[in-house]
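Trainee: Feature list, courtesy of TrEMBL:
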- 107-114, 189-193, 247-250: GTP binding site (BINDING)
- 268-281: domain 'SRP54-type proteins GTP-binding' (DOMAIN)
- 452-469: compositional bias 'Gly residues' (COMPBIAS)
- 452-483: region 'Disordered' (REGION)
- 473-483: compositional bias 'Basic residues' (COMPBIAS)
């Protein structure tokens, strides 16, 4: 996510970090590179000029000259200005004083509105709300069916009147149905077009006037760069947007849309969508994204994921087992499943500070099937073997390998990884007592000490070997013979 702009900015600012004293020429040279990096990221030219001017003005002033670490101070200024550029702070959804809260999703065809509607409904459901999805896209073939399928997946009801009804009537009836069902949030999936046209805007305006929604959110594809800004400006002019949902942000290496939408239109980015899976939308935190862009990680988001995904009682039970040396292969499997709940491993690693500096991190290859193989290997063992792996002799290992469809070597690797994990868990058991649900996060952050825990990936990224299923293609180098 945003790897292009991230690496370019870090390279531009990296030369300043090590300097004990900065001259005006040093700052000017760095700002030229920052400007080129932002333009290459498809950020609006006007926005780039304003951003660079603000950073330059602060970097050349007394704020930096009097600092003991001027290079770091410039990085801090860039971080603050990036945060401000993207909105400054998180913008929350406006909830109606009297339910239901009505959220109207608009946008062009192909931006991911229907999927975003389902993800938003899941986000509400996870926060103890009762959402209702309304299928008001009567033009796109199978749009209603797609929303019904997604609604069934996330256990959220979908209201529809078929593809012959008027979209405004559907939306109005959907709100009435929500009141009857006791739903407190109504999410309306509207029709899109391949391009902005007057009939589309007229229909959306009629719907907005009829419903008076609490939120009118534009769903826009992050990978369209400055086109996203053009679309946002047009919709905002006609409908008065209250916010933006950026989809497919994980596939955007440049970041033009994320860095420009707020500054160019005044519309706050409220949520971002990552990946194709139906997972809750992530609230947009400008400060956290700025931190990730500059290679400082995003530990706060990782902590929040851990708090949502990890069961407190199970974590406390695990800590007790670790303190009393009762950590078994069943517990090891449970820990891996808890880590998988946090999300894709490559995303998790990139949230940790300093990981971007690891050589070869950009070549991360994450194969979630490796974790499934570990699960299969452990499941092929008897209860006695899982409780006491020391009894795993050669014949037992061959039996487990045949039962799980893997090689004996892979069974050996899993047993070695278990021993390494047990040692690491013992070291961090004390922290779990203090931080509760954060214990799994502390363990995750320390996985770099696990040696060969990433062995099942077929080679590791140096320094990131501790993550199961994380690695890169092996490179074979001929060793020079010593004479």
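Each residue, glycine too, has its Cβ placed from N, Cα and C.
Predicted automatically and left uncurated, TrEMBL annotations should be read as such.
Each of the listed features needs to be described in terms of its position in the shown structure.
Mentor: All protein chains considered, the CB of residue 190 (GTP binding site) has 27 other CB atoms within 10 Å.
For the domain 'SRP54-type proteins GTP-binding' (268-281), the model's pLDDT averages out at 84.
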Trainee: Could you give me the DSSP helix, strand and coil counts for the domain 'SRP54-type proteins GTP-binding' (268-281)?
Mentor: 0 helix, 4 strand, 10 coil
Trainee: Taking the Cβ of residue 110 (GTP binding site) as reference, which residues of that chain separated by at least 6 in sequence fall under 8 Å from it?
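Mentor: In sequence order, 192, 194, 221 meet the Cβ cut-off.
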Trainee: Let me make sure I understand the structure: which of the binding-site residues listed (113, 193, 249) has the fewest other Cβ atoms within 10 A of its Cβ?
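Mentor: Each of the binding-site residues 113, 193, 249 was scored; lowest Cβ tally within 10 Å is 193.
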Trainee: Tell me which residues of the chain lie with their Cβ under 8 angstroms from that of residue 107 (GTP binding site), as long as they are six or more apart in sequence?
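Mentor: Long-range Cβ contacts: 113, 192, 218, 219, 220, 231, 235.
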